[in-house]
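Read through the structure below, which is laid out as structure tokens, and then see the notes.
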Amino acid sequence: MQKILIEGGHLLNGNVQVHGAKNSAVALLPAALLADSHVAIEGLPNISDVYDLGDLLEEIGGHVNWDGRTVHIDPANIVSMPLPNGKVKKLRASYYFMGAMLGKFNQAVIGLPGGCHLGPRPIDQHIKGFEALGATVTNEQGAIYLRANELRGARIYLDVVSVGATINIMLAAVKAKGKTIIENAAKEPEIIDVATLLTNMGAKIKGVGTDVIRIEGVPSLNGCQHVIIPDRIEAGTYAITAAAQGDEVIIDNVISQHLEPVLAKLREMGVRIDEGDERLLIAPKKPLNSVDVKTLVYPGFPTDLQQPFTTLLTKANNTGVVTDTIYSARLKHIDELRRMNASIKVEGGSAIVSGPTQLEGARVTASDLRAGASLVIAGLMAKGVTEISGIEHIDRGYEQLTEKLNSLGANVWREEMNEQEIEQFQNS
Ligand SMILES: CC(=O)N[C@H]1[C@@H](OP(=O)(O)OP(=O)(O)OC[C@H]2O[C@@H](n3ccc(=O)[nH]c3=O)[C@H](O)[C@@H]2O)O[C@H](CO)[C@@H](O)[C@@H]1O
Ligand SMILES: C=C(OP(=O)(O)O)C(=O)O
């Protein structure tokens, strides 16, 4: 087990390249099993969630070959094998095997998903959608059993705007008989990316990117080639990092429209941002002003950047209020930031950050992926050395984080934890 160490205080300069979107990748891989022949997906990130999903595809008979950042999936021998345990429990997106296997085989047995602990993360809207399409869904000893004689298109209104439910229902509906309409659908760019893959496979989907998606079922789907979109959350993390500790940082492979609410908030804080062709230049030349931030469904401010942004606010003048309306309990980074001298109060579900404070290096634990990112940014800003445990969460979503930061001038490294540290971490 490893930890990340950061010697803070170095000013960051230079270029950083963004990888393919984690939250697309983790849906594109299960979606590929719906095809009858070879699917190639280009630009995948080297992160543990992606490898775990590749392993799950192989467990059910898929042939998965990596050629650099391109994965080739031959789904011809995939069978409807139950996936009740093992890697499905490691990540959230294993739930996409429910929709994809139900769509392909009219049945699936998938363990309840893992992923970041952000408070309750129900999947009732996924199940509502599967049932509307004609499936019987039961929860037996922690695994979801889905069975249908045949899937039939239906009109499904989502009670909650959900990325996962929108994609999962699309995956199940593309081969259902007749028309499916998903109302109150989520509009995230990753949903459009998955619909693009499915359309290239021969699916008939209209309206993605709006809150009404219409799907006309087709009997079969073919193989295809697909290029993944850039990861807006990784790009946003580097934009926030640059605002916190940068001189001039250029972020390459960005669709800046995907980051509008984050760039707007950074500009409101006084950060200079130049938008170029697939790149952003971030240059925080002046003292930062605090802002309030409220997370919302896309195109609002993304919950996945709330924790990193909270860290940035510790450097700004005055008080900023951060409210996460998607995951009100996504606050586990706050205690760790306080250990580093941040002045943050939690009141009524909002984090009230008073600044500016000089953060100080400390031993802290990443409880989830973006809490990890927020602590890394804090470590870069802090005086002294910060030690972060729980970094397997960070590796779920950030490729070569230490290498990328060091290329910008940071001093970040990994070390093996000793037995006592592992014990402390496991008891924390
Ligand atoms: C793999 C992946 O893409 N993960 C992203 C996805 O997670 P995920 O797809 O799990 O998140 P959802 O969009 O489904 O969740 C949004 C909100 O809806 C609630 N909800 C969701 C489903 C449901 O059946 N019932 C229900 O009540 C959730 O508790 C949450 O409050 O979107 C989240 C919100 O942008 C991001 O933080 C995650 O990074
Ligand atoms: C919450 C996240 O991921 P997951 O849904 O995969 O746990 C995230 O990417 O911030």
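Backbone N, Cα and C atoms are what each Cβ position is placed from, and that goes for glycine too.
Residues or ranges marked as domain 'Enolpyruvate transferase' by TrEMBL: 7-405. Predicted-model confidence for the domain 'Enolpyruvate transferase' (7-405) is 96, expressed as mean pLDDT.
Under the heading phosphoenolpyruvate binding site, TrEMBL lists Lys22, Asn23. Summarising the environment of Lys22 (phosphoenolpyruvate binding site), the number of other Cβ atoms within 10 Å of its Cβ, over all protein chains shown, is 26. According to DSSP, Lys22 (phosphoenolpyruvate binding site) sits within a helical segment.
Among the features that TrEMBL reports, UDP-N-acetyl-alpha-D-glucosamine binding site is placed at Arg92, Arg121, Pro122, Ile123, Asp124, Gln125, Asp304, Ile326. DSSP classifies Asp304 (UDP-N-acetyl-alpha-D-glucosamine binding site) as helix under the three-state reduction. Asp304 (UDP-N-acetyl-alpha-D-glucosamine binding site) is surrounded by 24 other CB atoms, counting those within 10 A of its CB over all protein chains shown.
For Cys116 (active site, proton donor), the number of other Cβ atoms no farther than 10 Å from its own Cβ, over all displayed protein chains, is 21. The active site, proton donor feature in TrEMBL is assigned to Cys116.
The feature 2-(S-cysteinyl)pyruvic acid O-phosphothioketal is assigned by TrEMBL to Cys116.
Cα separation, Asp304 (UDP-N-acetyl-alpha-D-glucosamine binding site) to Lys22 (phosphoenolpyruvate binding site), rounded: 12 Å. Residues from the binding-site residues list (Arg92, Pro122, Ile123, Asp124, Gln125, Ile326) with a C-beta closer than 6 Å to any atom of ligand 2: Arg92. Ile326 (UDP-N-acetyl-alpha-D-glucosamine binding site) has Cys116 as its nearest neighbour among the recorded positions Lys22, Asn23, Cys116, going by CA to CA distance. It is 23 Å from the Cα atom of Asp124 (UDP-N-acetyl-alpha-D-glucosamine binding site) to that of Lys22 (phosphoenolpyruvate binding site).
There are 10 other CB atoms within 10 A of the CB of Pro122 (UDP-N-acetyl-alpha-D-glucosamine binding site), with all protein chains counted. Across the residues annotated as binding UDP-N-acetyl-alpha-D-glucosamine (Arg92, Arg121, Pro122, Ile123, Asp124, Gln125, Asp304, Ile326), the widest Cα-Cα separation comes to 21 Å.
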